[in-house]
Amino acid sequence: MFLFHHHDNKGRTVCPSYFSKQLVTLYRFSCFCLSLNVCMSGSATSCEECLLIHPNCAWCAQEDFGQVRTLNSRCDFSQNLQKRGCDAPFIESPRSGSSLLQSKPLSSKGSGVTQYDVIQIYPQKISLSLRPGDQTSFEVQVRPVEDYPVDLYYLMDLSLSMKDDLDTIRNLGTKLAEEMRKLTSNFRLGFGSFVDKNISPFSYTAPKYQDNPCNGYKLFSNCVPTFDFRHLLSLTDKVDRFNEEVQKQMVSRNRDAPEGGFDAILQAAVCKEKIGWRKEAYHLLVFATDDIPHLALDGKLGGLVHPHDGQCHLNDKNEYSAANKMDYPSLALLGEKLAENNIFLIFAVTKRHYVLYKNLTALIPGTTVEILDQDSKNIIQLIVNAYNNIRSKVELSVWDHPEDLNLAFTATCQDGQPLTGLRKCADLKIGDTVSFNVTVDARECPPKGTRKSFTIRPVGFKDRLEVSVDYHCDCRCTYFTKTNSSRCNSAGTYSCGMCRCEPGYLGVRCECEEGEVDHQHLSACREAEGKQVCSGRGECSCNQCLCYESEFGKIYGTFCECDDFSCARHKGILCSGHGECHCGECKCHAGYIGDNCNCSTETTSCVSDDGKICSGRGSCVCGRCQCTEPGAFGDTCEKCPTCPDACGTKRECIECRLFNSGRLADNQTCQRMCKDEIITMETLKTDDSNTVQCVYKTENDCVMKFTYSEHANGQSVLTALKEPECAVAPNAMTVLLAVVGSILLMGIMLLALWKLVITIHDHREFARFQSAPHLHAQLDIRLKQLSYCNTLHGNG
């Protein structure tokens, strides 16, 4: 008899329902008698160990609990402990959960209230209590408010190739402010410019180029000295100052095509005070250029080996002072600083470089890219479009994510449909509220006393949700631990209902010294009379079995009767790798049965192309078909030339494959269910004894013939006529001519017959006449009587 077990999601042993009726009764009895739940089979010796076995395991700290030898496990499911006599106050079973610490309601508008009253995320603070292996969930809501303040910093490439763009934007401030104030009543504008590092090989470093890098350049001979980044105007609502500052600017020149724009972006992001970023505003950084950027490690070409430190380095002149000291920033550093300061980066680039910057947006959260005309004429519409695009999306980011926590997101956007695995919603309107379900589970316990936290923020928002995490790894009963307790005969520590004996002492209450042998009570160490002491795998000490250690695994049990290595194996693997060995018996994982758990209960591999288990010609055993229909074979018993339904089954494939008709005419269904090779011929061979001859009548009363056979390699082959055999319809003219011809022929034949009859009759009459002499005499007399003489002629 085989006993198969598996655990459900609560850690309990369950009896499967796929056994034959003959074994059901016996199996249920054995499940009842021998099943082990995951809590008791874990052999926990302390409350902390018990809590780590499974999220549903509980510990009984009641002192007088578990004195009966057959019920000695304090680690069990909570309901089981209560049934066994443990009072509820003594049960340690902490549960995972969450509690709100700050939950201000979401705002609807950004204007008309103080900056501290605008709330775009709910809740703002939450506390989680997590038990290792368990999980808890909470919901985050985000609502982008209407009329929220906007800070826009315009960062422009002033290399020589951007001269026409500079001319275009000289009055940009006024026009841009007019358009943006249609979207927000609180708009501020700032301005900065960049070229590249003024060192070789990025710029012209010869003395004659220091004051005028355009010296000798025929197309444009006068420009300002090369600089890396220059902050020109802090964010202000006085847009005329933007126009004035732009009017003063002149282009410069560098040597290579790439620009130093990423130096400028990082300084604009981290120099918050000098740029003037407000805490309660959307931060837009417009990066306008017509070329590609330098990236980290490019600086080594100029001897700059120090990586960028991510700090602000603007001097008194508001110029980047570390340009010739540090390398260009990396994409990771750039993305980190932009996110840290809630800045949306808008790449306004020419069409030639759109694809490059589009790829960069995938690496830098909170960025978007728009195509800039060669002379920047579309810059205002570009910025408005980018702003609307940014405002139509909400994406959550996680900061300071602890490594021992798993986070899973499910987004519910404006259509109300949950999207598992997503933390982003798009195509939103201002004022739409979206929600995200966040599931958190702890993989393990951190070091004692550790309290961890992380932050969830919508990308580009100042709002955040602060999440603090407490781990349930300790038991409350450990707070009442007593050393040298009288409950332990002053020879051990009493904790959570149990004694931990000092070295040299044994027993439930440390009542025995190690090495003492009570020969009169050795029976307490025998499972039954006549059995070996401690099953021959341990020693009896203080009426208790001390099990031997084994290199193969763990020996345990009241009488050392159990181990975790003596179970059945398959291909040398204990329990086939699909179960756990408990007391010499495999407890199979869900989906497996058998004494060594090598038999899968999964039937997917047994489903044939027509959706039936084993094509209806067999049963699925251990994930494989056992064909019971005579003549059936194949992985899913799909091949059966001699089966009564073989012709009918293959007929449907002939119809759909050759004529696109029949029940399987749908192309996808036909391809999925009809994979046999089909050969078409003018005529079929009917003398092959290894083929099945099939004939059926079509809808048009034609006859279709085909043969069905199996090759030696197991492949099915259908040989069919190219076209069904149909009766040829007669031609109308042919029928008419045939009818007319038949009538004429019949008339001619009748005339010929009549002529023949007349002729025969005449011949008969003539012959009769000749054969009668008296008829000749009568004829002569009559002839003579008819003759006369002309007297007149004679007398004359």
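Every residue, even glycine, has its Cβ placed from backbone N, Cα and C.
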Which of C614, C637, C640 is the other half of the disulfide bond that TrEMBL records for C627?
C637
Would you kindly list the residues that approach the transmembrane segment (732-754) from elsewhere in its chain, counting only those six or more residues past its ends and only Cβ-Cβ distances under 8 Å?
none
Measuring Cα to Cα, tell me the gap between C622 (disulfide bond) and C694 (disulfide bond) in whole angstrom.
35
Of the disulfide-bonded residues listed (C271, C312, C413, C586, C622), the greatest number of other CB atoms within 10 A surrounds the CB of C586
For C445 (disulfide bond), which of the disulfide-bonded residues C75, C575, C656 has the nearest Cα in space?
C75
Tell me, what is the mean pLDDT of the domain 'Integrin beta subunit VWA' (46-475)?
89
Here are some disulfide-bonded residues: C75, C599, C670, C694. Which one has the most Cβ atoms within 10 Å of its Cβ?
C75
For C86 (disulfide bond), which of the listed disulfide-bonded residues (C60, C312, C567) have their CA atom within 10 A of its CA?
C60
From the Cα of C214 (disulfide bond) across to the Cα of C60 (disulfide bond), what is the distance in angstrom?
85
